[in-house]
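Below is one structure, written out as structure tokens; the observations come after it.
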Amino acid sequence: MSQGGATACEAAKLQDRGWAWMVLLAAVLLQGLTLGFPSCIGVFFTDLQHEFQASNSETSWFPSIMVAVLYGGGPLCSILVKRFGCRFAVMLGGLLSGVGMVSSSFCKSISQLYLTAGLITGLGSCFSFQAGVTVLGYYFVRWRTLANAIASTGVSLGFTLWPLLSQYLLDEMGWRNTFLIFGGILLNCCVCGAIMRPVQLASESPLQSPKPTEEPGRRAEGAQLSNGASSPHPELQQQTRRTACFQMLQKYLAFDIFCQNKGYQIYTIGVTWMMMGFALPHVYLVPYAIQNGVEERRAALLISIIGFINIFIRPLTGLLSGHRVFTGRRIYLFSLAVLLCGLSNFICVISAEFSVLIIYCVILSIAMSGIGALTFQVLMDVVEIDRFSSALGLFTILESIMLLIGPPLTGLLVDITRDFHYVFYNSSFFLISAALFMVLSFCALEKKNTLKEVSKVPLDNPSRYQYHEMPTELQSESQSPPAVVYITSI
């Protein structure tokens, strides 16, 4: 007992102080190396087209696969972290990312890039990024919100530096040698993972679990298998396996939450639809600017401007949205950011001059900061915190599907029409329609829940009516939460 207490005491010393801040620095670098990396792909778009004689649609599959795997590999990363720990997952991700980009430098066709840079590098980035975010939850308790806000600046730093570095290396030594150098740079994820040493909490190790907790279905399956020689009912074993498989899917993909929680259902559908247009400017902005006479170096600078502004706006947006004034209303802030992002695309349609594109990048960056800072905060609002990881699994997989098919479909439209304006028309359509859908749906849901709460109040008890008009903080202590608190379940 005393040994367990000493272990817990030692673990508490690691949290929010000392080595925890080194882990935070590693998390900042990880997010810059992983989430920030796809921002530079647009710089190579034209060169890859010429090298492999590929269409816009064929070339855009390469970054689409990378981003889709980066977001959609969450459940696989969760299993890896639970089995081997965060440090192992981060270092394995760094190794895969480096190998993927080194292999890409030797590719002879665009389809080979889909496997090397798209699948292998994307999966490695997923492991490093998601395990790096997870480890912050163990190293920080009191300063967890601040730590996540600081870590998110790594994405902005990546958006700023990757395009500039890419354009410089591309001009100096070509895309093949640049990809080779990128492989070495991404191997630094292994160094970041080495810094994230496991924390022993009491009698278990959440960062490096020696044995995963067995599911009830899995234990039942083991019991059946142990008696398999004498069991006269092999179909019962097959049924047990199906039950265990279903429990695994429910744990990591949360289909039950999607069917029962209307707020999660609306938000997931809205964000999934939004993702069809969200990534389009990142992929096609540089080729669009080059086609309209902007110098290549200045075109790459546009993506860096977006990242530089994100460095300052994203943390401020995250801290501002955490104020109690916005409790239960963050979905409306998020929808406003999505709407602004969609409307900003019309600036590119008006003019492709460099000065106009800078204005576009400033407005787009502000909107993107709001989306990036609020996406997971709103998700925490609409689901119970103990089911968040499961809800996140289904959420990211649906996101990844849209990120996978959105740019190639738009590229096909550009190939047919020979007009890059359709990139921004498409992006605006999906973003604006998603924003309006979420706002109207959540307003209707809030109104429905308010009416439901009013209908529960007995007519012969007027004091209940008076109490219902009190602030929501008081309501939540004595009766079922109203619509606003339903949206904010934490």
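Even glycines carry a Cβ here, placed using N, Cα and C.
Here's what TrEMBL has on this protein:
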DOMAIN    20-451  domain 'Major facilitator superfamily (MFS) profile'
TRANSMEM  21-45  transmembrane segment
TRANSMEM  61-81  transmembrane segment
TRANSMEM  88-106  transmembrane segment
TRANSMEM  112-139  transmembrane segment
TRANSMEM  146-165  transmembrane segment
TRANSMEM  177-196  transmembrane segment
REGION    205-237  region 'Disordered'
COMPBIAS  212-221  compositional bias 'Basic and acidic residues'
COMPBIAS  224-237  compositional bias 'Polar residues'
TRANSMEM  266-287  transmembrane segment
TRANSMEM  299-319  transmembrane segment
TRANSMEM  331-351  transmembrane segment
TRANSMEM  357-379  transmembrane segment
TRANSMEM  391-410  transmembrane segment
TRANSMEM  422-445  transmembrane segment
Dominant neighbour of the transmembrane segment (391-410) in 21-45, 61-81, 177-196, 422-445, by Cβ pairs under 8 Å: 61-81
Dominant neighbour of the transmembrane segment (177-196) in 112-139, 146-165, 266-287, 331-351, by Cβ pairs under 8 Å: 112-139
Contact set, same chain, for the transmembrane segment (266-287): CB under 8 Å, 6 or more residues outside the stretch: 38-39, 41-43, 45-46, 56, 60, 63-64, 67, 163, 258, 299-300, 302-303, 331, 335, 338, 341-342, 345, 348, 357, 364, 371, 375, 378-379, 382, 394-395, 398-399, 401-403, 405-407, 410-411, 414, 420, 423-424, 426-431, 433-435, 437-438, 441-442, 445
Mean predicted confidence [pLDDT] for the domain 'Major facilitator superfamily (MFS) profile' (20-451): 83
Outside the transmembrane segment (422-445), six or more residues from its ends: residues with CB under 8 Å to it: 262-263, 266-267, 269-271, 273-278, 280-281, 284, 288, 331-332, 334-336, 338-339, 341-343, 345-346, 348-349, 406, 410, 413-414, 483, 486-487
